[in-house]
Amino acid sequence: MSLVSNVSFTSVTVVKTQDFEDLVKFYRSFGFNVVRIFNKDANSTGTELNGISSDSRSECWLVAYPVTRLDDTGNVVPIQETVEYSHPELASSISKFNKGVVLKIRLVSHDVHKNAEMPGRIVVLTQDLDSIRAIAKSQGFNSEESSDAFVDFYIRDPVGNMVGFTTHTAPGRDVEAEQLKGESDFFASDVSVKIMREEEANRVIAEANQKSSKKRIAVMTSGGDSPGMCAAVRAVVRAGIYFDCEVFGCYEGYSGLVQGGDLLKPLVWEDVRGWLSLGGTLIGTARCQEFRERAGRLQGAKNMVLRGIDALIVCGGDGSLTGADLFRSEWPSLLDELVESGELTSEQVAPYRTLTIVGMVGSIDNDMAMTDNTIGAYSSLERICEMVDYIDTTAASHSRAFVVEVMGRHCGWLAIMAGVCCGADYVFVPEQPPSAANWREEMKKVCLRHRERGRRKTTVIVAEGAIDDELNPITSEQVKDSLVELGLDTRVTTLGHVQRGGTAVAFDRLLATMQGVEAVKAVLESTPDTPSPMIGIQENKVVHIPLVEAVKQTKAVAAAIERKDFEAAFKLRDAVFQETWGDFAALSTSDDAAGAVPVDKRLNIAVVHVGAPTAALNAATRAAILYLLSRGHTPYGIENGFSGLIRHGAISKLTWLDVVEWHNVGGSFLGTNRSLPSTDVGTVAFYMQKFNIQGLLIIGGFEAYHALHELKQSRERYPIFNMPLVCLPSTVSNNVPGTEYSLGCDTCLNVLVTYCDAVKQSASASRRRVFVVEVQGGNCGYVASYIGLATGALAVYRPEDNITLKSVREDLKLLEKSFEDDQGEDRSGKMVIRNENASSIYTTQLIADILREEAHGKFESRTAIPGHVQQGRIPSSMDRCYAARFAIKACKFLEENNEQINHSIKLWESEGFGSNETDLGRSDTQLKFVYKHGKKYPVPELDNAKLLGIHGTKVIFEDVDELWEHNTNVESRTGLDVHWDQMNVVNDILSGRLMLRKNEGEASS
C-alpha cells in the first residue's frame, strides 16, 4: 500500500500510554509491521536513541511494505529481486504508486504542544477494499462512507484520525484506467517478461559473438556453498583473461545453464575485484531439478552453443561434479538432438562438438576422495573451533558438559578434527561407529575418568551423520541423556549453518586460487580424449585427478557404511583421517593406561621450547605430553628454554591436568627464548643425566634447529646426547630448512588475512588510497608471498628478489591502471605487501613515499605494520591439527629409536660385551656404545638427531647434519629451497602484473 499523496512518511502524536498502545494495535491489524520500538528512560544513551525525537518518551515505527510477487511455493519475493525492479521498462504506469509507507507513532509528555488541527487525515492506496472492511468489522471499527469521489470509505483510528482507503491512483480525478483492481496491476504480464528475456538473451549472444573468436569458458558454483568459492571464481576469471580466453559466469548453479539470459553472462577483470575477502559465492548456487532431466540439459547445451561456450568449470561437491560429467558424456547426442529439432543448425554446433569439463571441489565436509583438502573445509573447522572455544569458557565456569553437533552426514572429518582441535572428551563419526550395545557406557567411562582427574568441563562432538554399528542414528539428545546420568549439567549446541558462513581462512583462499588457475590451464590442455579432470591437492601440490574415479571412490564410503563394512569405509578415507582417529584415541578415549608399554620400556622424555613464541607451542606440547602419559612414559618440561635449564635447573615433571587445557592457548606456558645449548652445553648434559632423560623434543624455529645441530655436534664430549633428538618446527616465518610448513605459521597467516582485509576496507572507503603493509618473516619471503596471494595484493616485496627502482616504477604503472579501471567503484582498496627484510634501502615508509610522490595526486599511500600481533593469540584449527599430529609422530620416533637402540645393546650384551650394572641400578650401556676388544662401537641407530620435515601431508625425519651442510644459509637463517615460488607467479597473473607486461610487449612490437 502507499499514501496516495505520494508521501511515504507521517507521524501521529499522543500523550496517553493507552492511546499509544491502541494505535500500534490498530495499524498492525491493517498490515503495518513494527520495525523499531524506542523507550526512553534515564538509562537510555548513545545508539539506543538514534532516530528518536527529542521530545518523545516512546516511539513505534511501523511499515507497510510494497506489494510484491510470490514465488512458485507461495513465498514473498523481495521487491529488489523482482523483474520489474531490475527492468523498470516492464513496470506498468500504476506501479509507481507501489511504495512503502512509514508511520511513526509518538508518545510525548503532557506539556508538549499538540497539533491543533488534529485529528488529521491520511489516505492509503489498497487493492483489496473488501479485506479492509472485514478487518475493520472484526476489530470493532465502523467504516464511514466518504463524500470524496476518489476515497471509498474512512475508518477512525483510536484517537480520531481519519484513515481513508481507495483504489484510485490519481486523487481528485475520476480516471477509470488509473483505478487499482488487483495485485496484477503492479506487475508485468508473463508474456512481456518472456519476450524481454528472449530479447535480452539474444542481445547477450549477439554481443558475445561479435567479439573475437577466443576460447570461451563458463564457471559455476553448485551444491552447498563453502568459503573460498568466490576466490576460486576470481582466479578462473582472471586466469582465463590472462590466457586469452573469455569467461562467462553461470549464475545460480546449473539453473544458469538451463535458463540462460542474465544468468549466463560474461565476467571481466573488474567484476571479481574484492572477491577474495568474501564468503559464500557471489554468482549464487541453487539446486536445479531441471538439469536432472535430459530436457534441462538440452536447454543448457543450447544456451552454451549460442554463446560459443564449450568448456565448463564447476566448483561443487560430488553431486555437482557427477552432473557435469554426465553432461559431457551426453554432449554429442544433445547437439544432434538440437539440430534434428531445428533449434540449432549444423553450422552452429560444428565448432563446439567437444565439451570440456573441469571440476574443483568446494565442500566443507572434506569428503572427496583422492584429494587431501577441499575448498572451505578448514574455514568451516575454524568456525567450529571458535564456537567450541566460546562454549569451553562457560562450560568450565559452571562445570558443565556440552554436546556439540557439527556437520558431516557421511563424513566425520569435521567432527574428528574438531575433537583433536578442541580437546574434546569423546567424538562420534559415521566411519567408526561404536557398539550399539555399550556406546553409552564407553562414553561415560571416558568422561568420568577425565572428571576424576580434575577436569571441570566435558565436551562431546557429534557428527550429524553419527550412527552405531547397527546403523541406528546417535543423536545429540541421546548423548546428552547419557551424560545427565553421570550427574552432569548438560547442554546441546547445534552449530548448523554458522559452519558455512564467513570469509575463507588463508589456506582456503590459497587453495581456491591455485586450483582456479590450474582449472583454466586444464581446460586449455584438454583434448577430446582427455578424461574429465578434477583439480585437487596431494602432498601440497595441485594435481589433476580423474573426476569419475574420485566421485566413485567418494560414494563407495557411504555404500560401505550402508552394508556395515565399517573397516572398508574407514580405509577409503585418506591416511591423515585414519591417523587422526588414532591420535584422538591416544589423547582422550584410550588414555586409561591400557596402551601403556611394559615398565622396562618406559622412558623419560623432555620437551623444550626454543626461539620466538608461536600460537602452536602449547598445543604441540599438550599433544606430546598426553601421548607420552597414555604410553606410560614420564614427560618433563624444561622451563624458559635452555637458559632456564642452565641457570636454574628448571626442569620438572608434567601431569595430565597440567596440560589438558593447553589446546587453544597461544604463547608458551613452558617459556621460550633464543638461547642455545652452546651457552653451557656441559650443564645441559648434567641435567639430562641427572633426570635420566632418554629423548628430547625441541619445539621452535631456526634456533631450535640450530640447537639440535649443536647437541649432535656435542656427542663426542657428552655421550648423553646420543639419545634420540627431534626438532619440531614452530615459527611464524616458516624459515626452517627441510620443511614446507612450520607450526604457528597458519595462525600468523589468518591473523594477517583479517588485518589486511580491514586495511583494504579502509583503503576502499577512501577510494584513492594504497597501503604498504609490512609483514614478518625475517629473511624468508614465505609469509609475504602467501599473504600477498591470499589478500590480492598488487605487489609483493620479498628478500629473495631485489627491489629496484625499475620494479617500483612497474608497480606504479600497475596501481595507476588499477585505479583507472575502478572508476570509483566499491572494493577499490589497493595494497602492497613488503617483507620486513626485503631491502635495507627501500623501507616500508620509503616505498609508500615514492608511491605517493610519483602518483602526482592520483592516489595517496599509507603504511601499516601489524608487528607482533602476527604471532597470534589463539592457534588456528590447522595449527592445532598439525601440532597434535606431528608432536605425536615425534614422540613415536623417540620411542622407536630407543627400542631399536635397546635391541642392539641387548644383542651385544648377549655376545658378552658391555659393562656390569652401576651403583645407580642402570647399565652404563645407555651411552649407546660398547667397547669390543678395546675398540669403541656405537650402536647403528645413532642417526637419530632429526628435524621433523613436513612435506604436504607427509612427514620425513630429516638428518640434521645433511640439512645443515646442503640446505641451510646460516647467516640469513633460512633454507636454500624456495618451495613457495609458484605463489608469486600466480599472484603476478591475478594482480595484473603479467597482463601489463604482455600488453606493453605487444604495444612495443
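Just so it is clear, glycine is given a Cβ too, placed from its N, Cα and C backbone atoms.
Where the annotation comes from TrEMBL, it is an automatic prediction and has not been curated.
The following features are taken from TrEMBL:
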- Asp365: active site, proton acceptor (ACT_SITE)
- Gly224, Arg287, Cys288, Gly317, Asp318, Gly319, Ser320: ATP binding site (BINDING)
- Asp318: Mg(2+) binding site (BINDING)
- Ser363, Ile364, Asp365, Arg400, Met407, Gly408, Arg409, Glu464, Arg491, His497, Val498, Gln499, Arg500: substrate binding site (BINDING)
- Arg674, 731-735, Arg769, 776-778, Glu836, Arg862, 868-871, Arg973: beta-D-fructose 2,6-bisphosphate binding site (BINDING)
- 6-107: domain 'Phosphofructokinase N-terminal' (DOMAIN)
- 216-523: domain 'Phosphofructokinase' (DOMAIN)
- 604-894: domain 'Phosphofructokinase' (DOMAIN)
- 1-589: region 'N-terminal catalytic PFK domain 1' (REGION)
- 590-603: region 'Interdomain linker' (REGION)
- 604-1005: region 'C-terminal regulatory PFK domain 2' (REGION)
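Overlay of TrEMBL annotations on the structure.
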{"residue": "Gly224", "record": "ATP binding site", "contacts (Cβ under 8 Å, 6+ apart)": "Thr285, Gly317, Ser363, Ile364, Arg500"}
{"residue": "Asp318", "record": "ATP binding site", "contacts (Cβ under 8 Å, 6+ apart)": "Ser363, Asp367, Met368, Ala550, Val551, Thr554, Lys555"}
{"residue": "Gly319", "record": "ATP binding site", "contacts (Cβ under 8 Å, 6+ apart)": "Gly223"}
{"residue": "Asp365", "record": "active site, proton acceptor", "contacts (Cβ under 8 Å, 6+ apart)": "Gly317, Thr374, Ala377, Met407, Gly408, Arg409, His410, Cys411, Trp413, Leu414"}
{"residue": "Arg491", "record": "substrate binding site", "contacts (Cβ under 8 Å, 6+ apart)": "Arg400, Ala401, Phe402, Val403, Lys480"}
{"residue": "Val498", "record": "substrate binding site", "contacts (Cβ under 8 Å, 6+ apart)": "Arg383, Met387"}
{"residue": "Gly778", "record": "beta-D-fructose 2,6-bisphosphate binding site", "contacts (Cβ under 8 Å, 6+ apart)": "Ser733, Asn735, Pro799, Glu836, Asn837, Ser972, Arg973, Thr974"}
{"residue": "His868", "record": "beta-D-fructose 2,6-bisphosphate binding site", "contacts (Cβ under 8 Å, 6+ apart)": "none"}
Since the record lists Arg287, Arg674 as binding-site residues, which of them has the fewest other Cβ atoms within 10 Å of its Cβ? Arg287
Just give the helix, strand and coil counts over the region 'Interdomain linker' (590-603), going by DSSP. 3 helix, 0 strand, 11 coil
Among all protein chains shown, how many Cβ atoms are found within 10 Å of the Cβ of Arg409 (substrate binding site), not counting that one? 13
How long is the line from the C-alpha of Gln871 (beta-D-fructose 2,6-bisphosphate binding site) to the C-alpha of Ser320 (ATP binding site), rounded to the nearest angstrom? 39
Residues near the ATP site, Gly224, Arg287, Cys288, Gly317, Asp318, Gly319, Ser320 excluded, by Cβ within 8 Å of the Cβ center? Ser222, Gly223, Gly253, Gly316, Gly323
Least Cβ-packed of the binding-site residues Ser320, Ser363, Ser733, Gln871 (other Cβ atoms within 10 Å) is Gln871
Within its own chain, what residues at least 6 apart in sequence put their Cβ under 8 Å from the Cβ of Arg769 (beta-D-fructose 2,6-bisphosphate binding site), listed in sequence order? Ser762, Ala763, Gly829, Lys830, Phe859, Glu860, Ser861, Arg862
Taking only the CA atoms, the spacing between Cys288 (ATP binding site) and Arg674 (beta-D-fructose 2,6-bisphosphate binding site), expressed in whole angstrom, is 59
Among Ser363, Ile364, Asp365, Arg400, Met407, Gly408, Arg409, Glu464, Arg491, His497, Val498, Gln499, Arg500, listed as contacts of substrate, what is the widest Cα spread in Å, to the nearest whole number? 33
Please give me the CB contact count at 10 A for Met407 (substrate binding site), counting all chains in the structure. 22
Between Arg287 (ATP binding site) and Arg674 (beta-D-fructose 2,6-bisphosphate binding site), how far is it from one CA atom to the other, in Å? 56
Round to the nearest Å and give the CA-to-CA distance linking Arg674 (beta-D-fructose 2,6-bisphosphate binding site) with Ser320 (ATP binding site). 51
